[in-house]
Amino acid sequence: MELLVICLSLWILQCHSARADSIIHIGAIFEQNAIRDDEVFQLAISDLSLNDDILQSERITHSIKLIEPNNPFQAVQEACELMNQGILALVSSTGCAAANALQSLTDAMHIPHLFVQRQGDGTPRTECQLNPSPDGERYTLAARPPVRLNDVMLTLVTELRWHKFIVFYDSEYDIRGLRSFLDRASRLGLDVSLQQVDRNISKVFSTLFSTMRTEELNRYRDTLRRAILLLSPRAAQVFIHQAVETNLASKDSHWVYANEEVSDTEIMELVHSAIGRMTVIRQIFPLWRDTNIRCMRNNHRISSLLCDPQEGYLQSLEVSSLYLYDSVLMLANAFYRKLEDRKWHSMASLNCMRKSTKPWNGGWSMLDTIQKGRISGLTGLMDFRNDGANSHVQFEILGTSYSETFGKDVKRLATWDSSRGLNGSLKENRVDSGMLGVTLKVVTLLEEPFVMVAENILGQPKRYKGFSIDVLDALAKLLGFKYEIYQVADGKYGSPLPNGSWSGMIGELISKRADLAVSAITITPERENVVDFSKRYLDYSIGILMSKSKEKINIFSLLAPFDLAVWACIAAAIPVVGVMIFLLRRIQCAHSQNPPGPHQPASVTTSLQSAIWIVYGAFVQQGGESIMSSMALRIVMGSWWLFTLIVCSSYTANLAAYLTVSRMDNAVRTFQDLAKQTDLTYGTVRESAVYEYFRVKGTNPLEQDSTFAELWRTINKNQGQENSVSNPSEGIQKAKQDLYAFLWDMAVVEYAALTDDDCTLTVTGNSVSSKGYGLALQHGSPYRDLFSQKILELQEKGDLDILKQKWWPRKGRCDLDSHADPQPEGRALRLHSFAGVFCILAAGLLLACLVAALETWWSSQRCRRAQPKEDKEVNLEQVHQRLSSLLDEDLAHKQLPGQSLEISALDIGSMHPRQGSQEAVRDFTPGGLSVTTFLQEGPGTGGRVPGRSLPLPLSSSTLPPSIRCKHRAPNGGLFRQSPVKTPMPLAYQSVPGGPIPEAIDPSHGTSI
């Protein structure tokens, strides 16, 4: 698979190389045995071609020449051919002999030359001594840093306090490389012996036994107790094995193997073959744990073959190949800046064989641009600001301890870099069980609830409390140590500075002013490179702190399931359907064979208001009068009922969903939710680890999820001055007072929410993380393993969980888990959800009262228009006698219909009494005559008028208020507003007769 990818890349590259119109062309010279150098160089060109934003629309083309190892003449010949083709720069990976020849040529032709030194046989590298330039202008830049093994070895023997030791070096090793080491060792008074090791190592030891006497062998064995090996990995393994086999090595031997290029497998083989203590010095490069970060350098995407350790291709490369890749990146950076400044020069097309050939006039400008650049590549930082050489180099020192089983405790003891020197301790400090009598200097930083001031009494040391302090006290109780604690001066955890040093608590540990750092300090790969960490005692994740969402009170929330336009359409549909029913009913009545008579009451459904009332009643599912007398009306009502069913069902479903969603907690639960919403602003602490985390994730073009890109745009708005804050306390206050989400350590924001006075804060976020909080110690501290062991014991016994519950109680004044409890009262609908219904009911009742008052006022106004007239008193006994006489006279001509007689008061008034007024009165059976009145039934009547006579006149003042002004019936009597008459049988009794008053007002009457 690897071979297929490489071949595909080479094919693509050849296509690009064929472009004749390219203005960027570089040459490369490699040795024939350096196959991987050729592959890596072409991968670098291919990666640049895939990144359009690096060189805009331009592409880099190249030409590669292969030479024999250590053949300077061929190197110059191939370089001249490249210059004749036209190149902007030359890249080479050769030995020192070819490098010197190429340096002379490029200095003469003014062609920038990036040189990478190779050491193909595995022997430790010695620095090439390049020729000085005659005019002082050196065009050769050393991409691989100078050899600094001498500095590391001298620091190591000084730290280990060696006074006498021996150095074994390979026959291929250039002894001139040890000149500076021996000079400085001599000035320090160190006794250093040198011995060359031939390729036949077994012969070396046999010679020793054959030439040395027993006393000399014992002295030699004592010398071998402290030895430095400058051999290839294979030769060192054989040498140590022979020393063990010949009994020249013992358990108190200490071997130091120094080589820039040695793999993990070779180190393990060395450790397994050695007896005693083994220390290894090798060069290291920064390795990012995050693949996305590891594969991006200066917005440049690196091939996964080179940046992903899982591919296995990276481990097979030599150090020179890595520097070769970064050299191409450095050239691309220079080309980009030249294109951006529009200071481009045509490529150099030179003929080395002609004496009249002038140097390239753009060479010095191109060289100056390269020297001013800086990149971050596979080998870390690269620049040429220090005498034309890349000075950035870092070593690690690995080792085992005395009397340990082979290969079971290989760990990093310290690091060494060109700017800070040694970082760590190489002394053999073994702490087996406890730290009784040890006093540690502890540096801390205030961060609730990890470290807080408990007491601050003037003149006395501050006392501290918090979760981290409790963990430290528990460890002190188990291990028996004491500690002195102080706060860091700059108030920072620690970050690298431009000069290579560190600030904050990490800087205190590096400078050895403190033994231990305790606070909410997270374990990161960058910090682990310079300090040691114990096992983590608390998991770390990023939380979102914000104010609890206040429930919005909307008394008309029951109208929310439908949009305003939907309600308007429903309101318009009711009168439209009502009008349709009204018209259809009128059409039906017009075509009916038996229309209602003029004196018959019209049907209820024939009026427009009644039709609309029926439609409204059907809509609210309260029924109504049946009007389905025709097919058309049935179709209309059927359609309306179906419409009503669908609308009511949709309303019920949407109302349930709306009320459920409205009672949910905060809609922001994850980073994705936070990035999508626009109501909340959010940020974090500027120049913090969280700020850097979002910067790296948000600016990584390989990140497929756009969430972090959106989050970073908001966090970094106006360079972080608008949304981010300067410290955690400011962020917590801002989250409490404004619509703001504060992104910070989950443990810190949870404590802030739990201890909030008003319990108005809530915390969300992902609790799963690969990071954690740990105790930071000096690099190589002998107490690291003890602290880690005891922390694991505290976790096993549950003591750490008890401490967590102490500082982060889940149930307390502010309950962070209350939203998750299935409490019935939390699910009930509250009054304000139904306030709109009660408002509608109250509005209806109020409207009804207003309409009733208006009707009363209107009726009273109509009554005042009519003049009240005095009514006469009618004696019912006289009416009865007069009626009897009329019946006797006209019995033959008049027939009473049915068993009732209805006579108006006007008729009574026109009747004349008979002459024989003292005639006996004829009695009628009760069923033969019924007296009916149209007077309204009221509380004063009780349905039947007691007594024998109705007093007359019936004036307006004597009637109840409810019947003072009524319409008259067609027969002259009074009637109620209701079209239904109420018969009122009146009892009567004979009284002395008298004349019936004749002055009866026609405007008043009664019905009998």
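Placement of Cβ uses the backbone N, Cα and C atoms for every residue, glycine included.
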Member of Cys80, Cys96, Cys589 annotated by TrEMBL as disulfide partner of Cys352: Cys80
Record TrEMBL, residue Cys759, disulfide partner from Cys814, Cys839: Cys814
Nearest of the recorded positions (Cys80, Cys352, Val668, Arg695) to Cys814 (disulfide bond) - Cα to Cα: Val668
Among Cys352, Val668, the one of these recorded positions whose Cβ has the fewest neighbouring Cβ atoms within 10 Å: Cys352
Nearest recorded site to Val668 (site 'Crucial to convey clamshell closure to channel opening') by CA-CA distance, among recorded positions Cys80, Cys352, Arg695, Cys759: Cys759
Closest of Cys80, Cys352, Arg695 to Cys759 (disulfide bond), Cα positions, recorded positions only: Arg695
Residue pair Cys80 (disulfide bond), Arg695 (site 'Interaction with the cone snail toxin Con-ikot-ikot') - Cα distance, angstrom, rounded: 47
Inter-residue Cα distance where the pair is Arg695 (site 'Interaction with the cone snail toxin Con-ikot-ikot') and Cys352 (disulfide bond), in Å: 50
Among Cys80, Cys814, the one of these disulfide-bonded residues whose Cβ has the fewest neighbouring Cβ atoms within 10 Å: Cys80
